[in-house]
Amino acid sequence: MMSSNTMRTATENANMTGSMSGAAAEKHMPDATGPSQPANAEASGRPASSRRASSTYRRAKLTVFGSLKAELLKLWSLNSTKVLLGIAVALMLAMSALSAWSVTFMASTDLNTGKTLDNPKPISAADLWAVLASSGSTAALVIGIFGVMAITSEYTTSAVQSSLTVNPRRGMFYATKSVATALFALVAGIVGILLAAGVLWLFTRGHDITALTSDQSRIIPVTLIGFPLTIVLVSLMAQGLGGMTRSTVGGVCALIVLFMVLSSVLSITSMAINQVEWLGTLSYLTPDTAMNHFLGAGIESSSQSTLAAAVKPNYWIPDWWQSGLILLAWAAAAWAGGLIVTKKADIK
């Protein structure tokens, strides 16, 4: 009996001790509805902070070359890029072929009787280089449209929001897009002028060509190097117009006014009204006239020399190299305007 009572008492004491230990342990355990809440809040806060950290990390790791690569890929993915650059090169070839045929036809034909000459007249090398330069300037408007659409496509498709989310530094975004646009325009200009030179050579084979004089030799680097650079300036000026208008229609209209309408209106008005001949000077300050005058390198073809001797304007005309600076000023002003609007204006 005593041993049985003793065992019962020991068991009860053990149960009581276990209950007390369990209560103590339960007291020290965190409540599922109480102290665990800060832990959960802390856990839920960690992804947000890590997201901010990773965002800051991405911004820190986003380099100029990375942004440039992205802009090159975006431009190349646009169908308009391939179409417009292809049209620009095709125009250079077509105009070169047409002008070369005209020059060789005049050299092989008696203009008084219309009969073909047995011995064609020699062709001036200055005339051929002038043909090459003019064939390139024809494509400038198409390159300008490409420059406008390079940036307005961001706004018309609302892709600018995602672009600025990835690269919130608007200055870098605009600058790298400008470099990408300039590189595409430069490649198109180089390819186009070289192919146009090949077409010109094919048309003039078998004709005697007079050599350039020492004063005329500058037209070679001006055409081969200066033309691709002027194409780059036109593309940057057009991108600036697109950046300011943020509309493809508005940018293209502004480009057409500057490259086709303005110079024609000024020159026609100056010739029609003697009192405003000074408008002729203003016509030489327009982008298209400045570009053509620069590419001419101040060298007149035979037909231009005859016309210049017959008609001598009374207003000031800039030199060919000054025309290059005028085109540079136009491009810089338009590009800067596009940069200001891109950095300051709301993207919506």
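From the backbone N, Cα and C atoms, a Cβ is placed for every residue, glycine too.
Curation plays no part in TrEMBL annotations; they are all automatic predictions.
The following features are taken from TrEMBL:
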{"type": "REGION", "residues": "1-55", "note": "region 'Disordered'"}
{"type": "COMPBIAS", "residues": "1-20", "note": "compositional bias 'Polar residues'"}
{"type": "COMPBIAS", "residues": "41-55", "note": "compositional bias 'Low complexity'"}
{"type": "TRANSMEM", "residues": "83-108", "note": "transmembrane segment"}
{"type": "TRANSMEM", "residues": "128-151", "note": "transmembrane segment"}
{"type": "TRANSMEM", "residues": "179-203", "note": "transmembrane segment"}
{"type": "TRANSMEM", "residues": "219-237", "note": "transmembrane segment"}
{"type": "TRANSMEM", "residues": "249-273", "note": "transmembrane segment"}
{"type": "TRANSMEM", "residues": "320-341", "note": "transmembrane segment"}
Report task. Using a Cβ cut-off of under 8 Å, list the residues of the same chain at least 6 residues beyond the transmembrane segment (219-237) that approach it. Result -> 126, 129-130, 132-133, 136-137, 139-140, 143-144, 146-147, 150, 178, 181-182, 184-186, 188-190, 193, 212, 287, 291, 294-297, 299, 320, 324, 327-328, 330-331, 334-335
Query raised in the report: Residues sitting near the transmembrane segment (83-108): Cβ under 8 Å, six or more positions beyond its termini, same chain?
Result: 116-117, 120-123, 127-128, 131-132, 134-136, 138-139, 142-143, 145-146, 149, 184, 187-188, 191-193, 195-197, 199-200, 203-204, 207
